[in-house]
Amino acid sequence: MKNSIVLIGFMGSGKTTFGKILSERHHYQFMDTDDLIMKKENMPITEIFKTKGEDYFRQLETDVLKELTHKNDKMILSTGGGMILKQENVALMKSIGTVVYLKASPHTLANRLKNDTTRPLLKGKNKFLFIKDLLAKRKDYYEKGADVIIKTDEKNIQDILKEIEGYL
Ligand SMILES: Nc1ncnc2c1ncn2[C@@H]1O[C@H](COP(=O)(O)OP(=O)(O)O)[C@@H](O)[C@H]1O
Ligand SMILES: O=C(O)C1=C[C@@H](OP(=O)(O)O)[C@@H](O)[C@H](O)C1
Ligand SMILES: [Mg+2]
């Protein structure tokens, strides 16, 4: 029996990248909550934050997650980095599949996101310090929300893929 996987983790942990690769490789449906939100609102995430605010975005996250719980197909679901902040979302994610936390250090994350302009929370900040602070605040949410934790620092992409595949 195929198992759905829900990827959680901080911005830059690889949720979208690995979700796409795995779904293609294993013929699973691929869903990304940020993509679903952008389609719903017909604008990029940065624009939603700017014009409607973060609270509005967080409500959309819960809305799209609820809609996904009604799907019967097995899927790989990549979530936004803040999805774990609401207990309600964690329960919804667990009802969809095995929740896999892609863990990475602030140093690794800042390096991966050094040229990124698509994450509104990082805009105009010292990326390393901001990530270090926000990750410290969110650490327990990720660890408590996860069924499985996969460390991604100093591992190559193929090894990370293999580890996630162990839970399909
Ligand atoms: N394990 C990894 N090794 C190298 N680069 C990575 C890794 N995971 C993610 N990246 C890179 O980091 C950036 C952000 O990845 P992304 O999948 O969008 O993260 P998320 O969806 O978790 O925010 C992308 O450029 C991606 O190629
Ligand atoms: O961590 C967060 O609060 C966010 C993470 C982003 O998704 P990624 O984790 O895919 O970058 C996106 O949902 C939004 O910019 C907010
Ligand atoms: Mg993503």
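Cβ coordinates come from backbone N, Cα and C, glycine included.
These numbers come from a predicted model, not from an experiment.
Over in TrEMBL, the protein carries these features:
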BINDING   Gly12, Ser13, Gly14, Lys15, Thr16, Thr17, Arg119  ATP binding site
BINDING   Thr16  Mg(2+) binding site
BINDING   Asp34, Arg58, Gly81, Arg138  substrate binding site
Where the C-beta lies under 6 angstroms from ligand 2, the matching binding-site residues among Gly14, Asp34, Arg58, Gly81, Arg119, Arg138: Asp34, Gly81, Arg119
Residues among the binding-site residues Gly12, Lys15, Thr16, Thr17 that border ligand 3 - Cβ under 6 angstroms, in sequence order: Lys15, Thr16
Annotated binding-site residues Gly12, Ser13, Gly14, Lys15, Thr17, Asp34, filtered by Cβ under 6 Å to ligand 1: Gly12, Ser13, Gly14, Lys15, Thr17
Residues flanking the ATP site, with Cβ no more than 8 Å from the Cβ centroid of Gly12, Ser13, Gly14, Lys15, Thr16, Thr17, Arg119 and excluding those residues themselves: Gly9, Met11, Phe18, Ser78, Gly81, Leu102, Arg112
Nearest recorded site to Gly14 (ATP binding site) by CA-CA distance, among binding-site residues Asp34, Arg58, Gly81: Gly81
Candidate nearest Arg138 (substrate binding site) in space, where candidates are the binding-site residues Gly12, Thr16, Arg119 and distance is Cα-Cα: Gly12
Three-class DSSP secondary structure - Gly81 (substrate binding site): coil
Cα distance (Å, whole number) from Gly81 (substrate binding site) to Lys15 (ATP binding site): 9
Which binding-site residues sit within 10 Å of Gly81 (substrate binding site) - Cα, from Gly12, Ser13, Thr17: Gly12, Ser13
List of residues, in chain order, with Cβ under 8 A from that of Asp34 (substrate binding site) and at least 6 apart: Thr16, Ile45, Ser78, Gly80
Of the binding-site residues listed as Gly12, Ser13, Thr17, Arg119, the one whose CA lies nearest the CA of Arg58 (substrate binding site): Arg119
Largest separation between Cα atoms (Å) of residues that the record links to substrate, namely Asp34, Arg58, Gly81, Arg138: 19
For Arg119 (ATP binding site), the number of other Cβ atoms found within 10 Å of its own Cβ: 18
Largest tally of Cβ atoms lying within 10 Å of a Cβ, found at which of the binding-site residues Lys15, Arg138: Lys15
